[in-house]
Structures are given as C-alpha cells and as structure tokens.
Amino acid sequence: MTTPQQAASTAAADPAAKRSTGDLVRAAVSGWLGTALEFMDFQLYSLAAALVFNQLFFGSTDPAMAVVLAMATYGVGYIARPIGAVYFARMGDRIGRKKVLFYTILLMGAATTLIGVLPTYAQVGVLAPILLVILRLAQGFGAGAEISGAGVMLSEYAPTNRRGIIASLVALGTNCGTLLASGIWAILLAVMLESDVIAWGWRIPFIGSAVIMIFAIWVRMSVKESPVFEERVDVVDGVAMSREQMVEQATATNDVRTLESLERKPVKAFLVSFFLRFGQAGNSGLIQTYLISFITVTLAVQKGVGAEVVIVSSLVGFATIPIVGWLGDRIGRRRMYIIMSSISLVLIVPTMLAIASKEVGWIFVGYVVIHNVSVLGLASMENISIPEIFGARNRYTLTAIVREIAAIIATGIGPVIVAAWVAATTGSVVPIMILMGLFTASALIAALVAKEWTGRDLTDPRAAM
C-alpha cells in the first residue's frame with residue numbers, strides 16, 4: 001500500500017504540482033458543478049415525468065398508459081448514457097479532458113433547457129413526445145461521460161496525497177443536484193396551484209437550469225487541461241498518437257512501461273473496477289429507488305416519510321462523503337473498501353429490521369445509516385478508485401465504460417428482482433437483505449483480490465493490476 005509518506009516523497013514528480021491552488025480550485029468547482037447539473041437535470045425530469053408529463057405530452061385517454069409512456073421517456077436517457085460515455089470518453093483520451101467536458105455540459109444543459117420550451121401534445125400532437133424523446137436522448141448522451149470525466153479530471157488534478165477528498169466533490173455534486181431539483185419542485189408545488197403548474201409552472205425548473213449551465217460553462221472555460229494528460233508520453237501537441245506511432249516511439253526509446261501497456265490487456269483492472277462499481281450501483285438502486293417504494297407502499301407508512309428520509313440522509317451525506325474520501329487518502333482505498341463493505345454487510349440485517357418495524361424514528365435511523373455506508377460512502381471511494389486503477393492512455397474510456405455498464409446492469413436488475421421477490425413473499429424484508437448482501441459482497445471480493453492502487457503514478461500507461 002502507498003502510504004501518505006510515500007506519496008509525499010514523490011510530490012516533486014507529481015504532475016499536479018505544475019498547477020496552482022487557483023487552478024485546482026477551478027477544476028474542483030467545475031467537476032462539482034457539472035455533476036450537480038447532471039443529477040439536477042435527471043431528477044428534474046424524473047419528477048416531471050411522474051407529476052405532469054403524462055398529462056402534457058401523451059394523448060392517450062388512459063391515464064395509466066400515459067404514466068407508463070412518461071416513465072418510458074425517462075428510461076430513454078439511460079439507454080443513451082453508455083453510447084455517449086464511449087463516444088466522448090474515447091475523444092477525451094485522444095484530445096484531452098477539458099474540451100470533452102465542455103462539450104458534455106453544453107449538450108446536457110442545452111437539452112434540459114430546451115425541454116422547458118417544448119410545445120405540448122395539445123399544441124402540436126404527436127410531435128410533442130417525439131421532440132421530448134430526442135431531447136432526452138441528447139441529455140443522456142451528454143451525461144454519459146460527465147461524471148466519469150469529472151472523476152478523471154479531479155483525480156489527475158489533485159495532489160497525490162489529497163486525491164480522495166478532492167475527487168469526493170464529484171459525489172457531493174450528485175447530492176447537491178438531487179436536493180436542488182427536489183427542492184425546486186417542492187417549492188413550485190407549495191406556492192402554485194396545480195392547474196398553474198400544469199399550464200406553465202413546470203417549465204420554470206427546466207428553463208431556470210440554464211443559469212447553472214452558463215455558470216458551469218464559464219468556470220470550465222477557465223480550467224486548464226489535466227496536467228497528467230499533458231505529461232503523457234503519447235501526447236504530441238495536445239493529441240494522442242495512434243497505436244502504431246506509440247509502438248514505434250516506445251521501441252525506439254525502449255519505453256518499457258508503454259510497451260507493456262500495449263501488450264497486456266487490463267482484464268483484472270477492468271473486472272475489479274466493474275465489481276466495485278456494480279456493488280455500489282446495485283445498493284444505490286435498491287436503497288435510493290426501491291426501498292422508498294417499499295416504505296411507502298408495502299409498509300404503508302405515511303407518504304411524506306419516504307421523501308423526508310431521503311433528504312435527511314442526503315444532508316448527512318455532505319459529511320460522510322468527504323470524510324470517507326479523506327480516510328482513503330490516509331489509510332488506502334483498498335483498505336477502506338474492505339472496511340466499508342464489511343461494515344455494510346454487518347449493518348444490513350439490523351437496519352432493514354429497523355425499517356421493517358414501521359416506526360418512523362427507526363425508519364429514519366435504519367435508512368440514514370445504510371444509505372450513507374452502502375451508497376454514499378462507497379460512491380466517495382469509487383469516484384477516485386476507478387480512474388486511479390486504469391492506465392493513463394485509456395483511463396477516461398475504461399472508467400466511463402465500467403461506470404455506465406455496471407450501473408445499467410445493477411440498477412436495471414436489482415429493483416425488478418427484489419420487487420417481484422418481495423411480492424412473492426407477501427412483503428417480507430428478507431429478499432432486500434439477501435440482494436443487498438450479494439451486491440455488497442461483490443464489492444468486498446473485488447477489493448480483496450485487488451492490489452492496492454492508492455497514490456500510484458497516474459502518468460503510468462499501465463493499469464494498476
């Protein structure tokens with residue numbers, strides 16, 4: 001394991017030392033803002049799809065079918081995410097992180113703002129849902145590489161011994177975006193008549209998001225390129241060489257690291273990263289999506305509790321996320337993964353039993369504890385760990401692929417399987433415990449079989465294992 005002392009001893013060779021504190025602050029704010037905008041956009045759409053889009057964009061006389069269609073357009077964005085991730089991330093490995101992160105936030109933000117000026121079904125008929133789907137696809141296409149790019153950029157910008165706490169700003173951005181979108185909708189519904197919200201009020205959050213987009217773009221324009229990207233031996237005049245050019249140069253200069261990276265595929269690094277992400281994303285789908293429905297519908301607890309517990313837990317997360325990032329810097333991220341996953345396994349049964357008690361106080365305790373350990377804490381580790389595990393030449397591409405594919409599989413199957421299983425067992429909490437245990441165990445096993453990756457040289461074209 002790379003200790004803080006070892007990391008400090010290599011500070012002189014750290015590419016991040018070439019950036020000033022001001023450069024680092026701008027990069028950190030840029031990463032945080034972009035992720036906040038991404039999650040705000042998706043949460044704005046999620047709430048709008050559930051509350052008003054079924055009435056505005058679908059002409060079906062069956063209200064239930066209109067709801068299904070509205071939620072289907074929400075899912076379309078997730079289909080576009082992995083495609084956008086591969087497209088933009090490959091570009092980011094070739095021409096730099098800064099340019100690509102400018103493109104992603106512009107596309108993502110513009111699509112969200114344009115949703116706010118769309119005509120409704122009553123105005124243009126079937127063209128309305130078609131335009132909505134197109135903008136939703138554009139939103140997902142841009143968002144697919146945003147959070148991965150922000151994580152890569154901050155990991156390459158941060159000083160070696162502070163990568164964890166600085167990269168945790170990406171996870172904090174997810175919290176901020178979700179809370180901001182939920183707060184905006186809560187205010188709208190509180191101060192406006194329902195008829196006014198449906199007539200025009202729903203447009204306010206989407207059009208208003210342009211303010212954050214413009215500010216985020218302004219910040220990103222002032223951010224310098226990743227110092228690690230500029231230090232790559234295969235980058236000439238800001239553009240990466242082709243594979244053939246790399247082989248020729250590495251052979252001529254006897255560059256062993258580059259030759260090894262070209263000859264050896266990072267299979268173990270990919271699998272370790274995949275299951276670290278799979279475990280966290282699976283728990284996220286169960287806890288942040290399904291468990292709220294379980295509390296409200298299956299346990300028949302008053303409806304406001306589900307929303308309130310998410311807000312409280314997210315607020316607690318503003319402390320959890322940076323603390324976990326800081327601890328990873330201090331004792332090593334592999335060790336933190338093992339500790340956090342082990343604690344999560346131990347907590348599954350008592351926290352789920354607390355929630356199943358139907359006592360509001362115990363529901364809050366159980367949810368806040370398991371959410372902060374199994375979802376937010378692991379997310380803090382994940383945002384630095386995956387970029388750190390991969391080599392410099394294809395870090396952005398592999399990070400984006402791992403994040404998006406693992407998330408789609410885990411969040412796609414988890415809530416569906418557990419919902420059917422709980423229904424078959426007449427509302428038992430046991431299926432939730434079992435599935436959470438499997439997701440958490442996948443992250444624990446991945447960490448156990450991995451080599452420590454904390455503090456390694458990010459200019460190394462080879463993967464960590």
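Glycine residues also receive a Cβ, built from the backbone N, Cα and C atoms like all the rest.
Per TrEMBL, the feature domain 'Major facilitator superfamily (MFS) profile' maps to 27-454.
Among the features that TrEMBL reports, transmembrane segment is placed at 64-88 (among others).
Feature annotation from TrEMBL assigns transmembrane segment to 100-121 (among others).
Here TrEMBL flags 127-154 (among others) as transmembrane segment.
Marked as transmembrane segment by TrEMBL: 166-188 (among others).
Outside the transmembrane segment (200-219), and at least 6 residues removed from its termini, the chain residues within Cβ reach (under 8 Å) are 26, 29-30, 33-34, 36-37, 40-41, 44, 48, 51-52, 56, 102, 105-106, 108-110, 112-117, 181, 184-185, 188, 192. Sequence annotations record features per position, and here TrEMBL assigns transmembrane segment to 200-219 (among others).
Tertiary neighbourhood of the transmembrane segment (274-297): same-chain residues 303, 305-307, 309-310, 337, 341, 344, 355, 363, 367, 370-371, 374-375, 378-379, 381-382, 385-386, 402-403, 405-407, 409-412, 414-415, 418-419, 422, 429, 432, 435-436, 438-447, selected by CB-CB distance under 8 Å and a gap of 6+ residues from either end. For 274-297 (among others), the entry in TrEMBL reads transmembrane segment.
Residues or ranges marked as transmembrane segment in TrEMBL: 309-328 (among others).
Panel annotation: around the transmembrane segment (337-356), residues 276, 279, 283, 291, 294-295, 299, 324, 362-363, 365-367, 369-370, 373-374, 377-378, 381, 385, 429, 432-433, 436-437, 440-441, 443-444, 446-448 of the same chain, lying at least six beyond its termini, place a Cβ under 8 Å from a Cβ of the stretch. Positions annotated as transmembrane segment by TrEMBL: 337-356 (among others).
Marked as transmembrane segment by TrEMBL: 362-381 (among others). Among residues of the same chain six or more beyond the transmembrane segment (362-381), those with a C-beta under 8 A of the stretch's C-beta atoms are 164, 168, 171, 174-175, 276, 279-280, 283-284, 287-288, 291, 295, 301, 305, 308-310, 312-313, 316-317, 320-322, 324-325, 328, 333, 336-337, 340-341, 343-344, 347-348, 350-355, 436, 440, 443.
The transmembrane segment annotation in TrEMBL covers 401-423 (among others).
Outside the transmembrane segment (429-450), and at least 6 residues removed from its termini, the chain residues within Cβ reach (under 8 Å) are 268, 271-276, 278-280, 282-283, 286-287, 290-291, 294, 334, 337-338, 341-342, 344-345, 348-349, 352-353, 355-356, 370, 374, 378, 389, 410, 414, 417-418, 421-422, 464-465. The transmembrane segment annotation in TrEMBL covers 429-450 (among others).
Beyond its flanks by at least six residues, the transmembrane segment (127-154) meets 27-28, 30-32, 34-35, 38, 41-42, 45, 53, 56-58, 69, 73-74, 76-89, 92, 97-98, 100-101, 103-108, 110-112, 114-115, 118-121, 163, 166-167, 169-170, 173-174, 223, 226, 383-384, 386-387, 395-396, 399-400, 403-404 of its own chain at Cβ-Cβ distances under 8 Å. Annotation: stretch 166-188 has the most Cβ pairs under 8 Å to the transmembrane segment (309-328), among 64-88, 100-121, 166-188. Within the model, the domain 'Major facilitator superfamily (MFS) profile' (27-454) carries an average pLDDT of 93.
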